[in-house]
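Residues annotated as active site, charge relay system in Swiss-Prot, with sequence analysis given as evidence: 122, 137, 159.
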């Protein structure tokens, strides 16, 4: 079996409907997977039922059977029974906290390694990396560890933009990621702009979408990654 994981920067790009831009990216992962489990734990400011309803509506044209993990009495069994795994955006710290709380980290990692398709956007992409140390989110709750699913062996930074508001004196995103690379100079960070995604298929990794990504690693800072780039070397 081969890993088949799609890591989306965001649920929207511009003013497009929820998950609409992601449909062409997600569709290839659904050809042999109809029964999907959605993990809404990153959704702190909405009910899990409402979050699930938004995802079901957003992906309606794919005709998938999507249930929320919160609807199942045994979250671990729900993961075991699923053909595919969806993890949505929101607060990455809360998401990871709940994954640890329900003992899902190793189980999801093993399922994905065995070939179960994985789709994560925003926080759901963050937790697919080595750790959540490069998330943009507020640490509203403390998970037992920052270590994440390790579906890819590097760091991710979704929603990437290095825009600086005129007159604003806070650090840019690039400056924040530089801080990480000073502490962990050997760990790559891929910063993904909205509208783009990383697709891992076994030992291959490619950048999809309409906007470039950026690599931060050691002395390499904000190195442009064009759309369509083969990034398979980062999996080694």
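Glycine is treated like the rest: Cβ placed from N, Cα and C.
What you are looking at is a predicted structure, and each value in this text was computed from that prediction instead of being measured.
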Mapped DSSP class for residue 137 (active site, charge relay system), helix or strand or coil: coil
Residue 137 (active site, charge relay system) to residue 159 (active site, charge relay system) - Cα separation in whole Å: 11
Residue pair residue 122 (active site, charge relay system), residue 159 (active site, charge relay system) - Cα distance, angstrom, rounded: 7
